[in-house]
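Enquirer: Have a look at this one before I ask anything.
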Amino acid sequence: MDPVDPNLESWNHPGSQPRTACNKCHCKKCCYHCQVCFITKGLGISYGRKKRRQRRKPPQGDQAHQVPIPEQPSSQSRGDPTGPKK
């Protein structure tokens, strides 16, 4: 292995940064581009803000899914299920 100049910062060591910039491509070659690309693209781990997904609006005028729920018969009181004690 080549000796590393101790006066250089660790991020300036040879081989510490890839020769090409990272891009948004998710092909196999780009997923293994560097450690950051592997973590974000290959493993799908990102620690940034999560975008809020918008809710899908129901289609207008479609009442097929708006079936009313039939009421359930009321159950007996919540006391002893065997009945009142004498």
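Glycine residues also receive a Cβ, built from the backbone N, Cα and C atoms like all the rest.
Positions annotated as region 'Disordered' by Swiss-Prot: 1-21, 48-86. Taken from Swiss-Prot, the feature region 'Transactivation' covers 1-48. If you look up Swiss-Prot, you'll see Trp11 marked as site 'Essential for Tat translocation through the endosomal membrane', on the strength of sequence analysis. Annotated Zn(2+) 1 binding site per Swiss-Prot: Cys22, His33, Cys34, Cys37, in sequence order. Feature annotation from Swiss-Prot assigns region 'Cysteine-rich' to 22-37; the stated evidence is sequence analysis. Residues or ranges marked as Zn(2+) 2 binding site by Swiss-Prot on the basis of sequence analysis: Cys25, Cys27, Cys30. Summarising the annotation, Swiss-Prot assigns N6-acetyllysine to Lys28, Lys50, Lys51 and lists sequence analysis as the type of evidence. Positions annotated as region 'Core' by Swiss-Prot, on the basis of sequence analysis: 38-48. The region 'Interaction with the host capping enzyme RNGTT' annotation in Swiss-Prot covers 49-86. The asymmetric dimethylarginine feature in Swiss-Prot is assigned to Arg52, Arg53.
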Enquirer: Just counting, how many other CB atoms are there within 10 A of the CB of Cys22 (Zn(2+) 1 binding site)?
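Expert: For Cys22 (Zn(2+) 1 binding site), the 10 Å Cβ neighbour count is 13.
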Enquirer: Cα-Cα separation of Lys50 (N6-acetyllysine) and Cys27 (Zn(2+) 2 binding site), in Å?
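Expert: Taking the Cα atoms only, Lys50 (N6-acetyllysine) lies 23 Å from Cys27 (Zn(2+) 2 binding site).
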Enquirer: Using Cβ-Cβ distances, find the residues under 8 Å from Cys37 (Zn(2+) 1 binding site) that belong to the same chain and are at least 6 apart in sequence, listing them in sequence order.
Expert: Cys22, Cys30, Cys31
Enquirer: Report, as numbers and ranges, which residues of the same chain sit near the region 'Cysteine-rich' (22-37): CB under 8 Å and 6 or more residues beyond its ends.
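Expert: Apart from its flanks, the region 'Cysteine-rich' (22-37) reaches none.
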Enquirer: Write out, in the order they occur in the sequence, the residues of the chain not among Cys22, His33, Cys34, Cys37 that have a C-beta within 8 Å of the mean position of the C-beta atoms of the recorded Zn(2+) 1 site.
Expert: Pro18, Asn23, Cys30, Tyr32, Gln35, Val36, Phe38, Lys41
Enquirer: Among the recorded positions His33, Lys50, which residue has its Cβ surrounded by the fewest other Cβ atoms within 10 Å?
Expert: Lys50
Enquirer: Nearest to Cys25 (Zn(2+) 2 binding site) by Cα, among Cys34, Lys51, Arg52 (recorded positions)?
Expert: Cys34
Enquirer: Including all protein chains displayed, how many Cβ atoms other than that of Cys25 (Zn(2+) 2 binding site) lie within 10 Å of its Cβ?
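Expert: So the number of other Cβ atoms within 10 Å of Cys25 (Zn(2+) 2 binding site) is 12.
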Enquirer: When the number of other CB atoms within 10 A of each residue's CB is tallied over all shown chains, which of the modified residues Lys28, Lys51, Arg52, Arg53 has the maximum?
Expert: Lys28
Enquirer: According to DSSP, does Lys50 (N6-acetyllysine) sit in a helix, a strand, or coil?
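Expert: DSSP assigns Lys50 (N6-acetyllysine) to coil.
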